[in-house]
């Protein structure tokens with residue numbers, strides 16, 4: 001006797017989520033190729049085989065930028081992550097190329113070449129090396145990162161309870177969201193001796209302190225080697241005063257970050273959003289240089305009020321053009337690949 005049973009229904013993820021997973025897998029698989037080339041470039045650099053290093057560096061750089069064509073991604077959110085990976089890989093390659101000899105010196109015990117190359121590859125901030133460009137404020141001398149993460153999560157949750165149609169609320173939520181995501185990854189993936197990525201955002205007392213000590217310093221090294229140092233030391237050779245060259249070096253670093261973020265976020269932002277993102281970094285650079293020229297390192301409550309006022313205004317203006325959903329409850333998780341439709 002034939003007995004048939006109706007098929008058991010199996011829950012399927014929404015098509016958009018399946019697409020995101022498939023394309024992230026495809027994009028990540030291809031990006032492993034230039035990452036491996038970058039690793040071996042560093043390895044042969046440490047071995048003193050500079051011709052091989054130069055060849056692998058050029059090959060890795062070309063392969064990073066071929067990713068969008070060799071592994072095309074249609075999901076905007078996945079393509080955004082792909083762009084971030086390409087931009088970070090490019091800055092890492094160019095940062096090492098700009099430094100070349102000597103690279104930062106490892107501060108710990110002597111390591112095997114393969115392990116040293118792995119640490120250089122994975123440490124964006126060269127925190128295990130000297131010299132590095134991490135500036136730690138006095139607020140971080142006795143800094144409990146998990147506790148601070150909890151405080152900032154609570155601040156984010158409080159903002160979620162406020163009306164979400166105000167751009168200022170959205171701007172602070174974006175900043176806190178970045179803090180929470182980066183710090184969460186830092187606590188999971190950090191090396192034992194890695195310092196905190198952020199200082200307490202609620203203790204910011206100046207624009208200079210915000211960008212050099214409180215905000216994340218993941219890209220301090222490429223900003224220094226690719227923008228600040230060439231302008232700071234190159235312009236005086238053409239008669240530019242050192243003070244002006246130093247200021248232009250700082251502006252160059254902010255402009256590098258503007259280009260980085262505009263490229264990385266181009267899959268999910270429209271033209272207006274990208275323009276505001278670029279202007280956010282450019283105007284912050286101008287304001288930071290101006291603050292340093294007027295106040296120097298002096299602390300004053302007026303300086304703090306001006307810094308918070310400026311950052312609130314410019315961040316609110318930028319956020320109002322980014323097509324951000326009004327709160328977590330308004331995010332269309334089932335349409336994650338249609339980020340521009342909010």
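Quick reminder: no glycine exception, Cβ is built from N, Cα and C everywhere.
According to TrEMBL, the features are:
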type     : residues : note
DOMAIN   : 195-281  : domain 'Wax synthase'
TRANSMEM : 27-45    : transmembrane segment
TRANSMEM : 52-71    : transmembrane segment
TRANSMEM : 169-189  : transmembrane segment
TRANSMEM : 243-265  : transmembrane segment
TRANSMEM : 277-296  : transmembrane segment
Original post:
Across the domain 'Wax synthase' (195-281), what is the average pLDDT of the model, as a whole number?
Top reply: 92
Subject >> Three-state composition of the domain 'Wax synthase' (195-281), taking helix and strand from DSSP >> reply: 65 helix, 0 strand, 22 coil
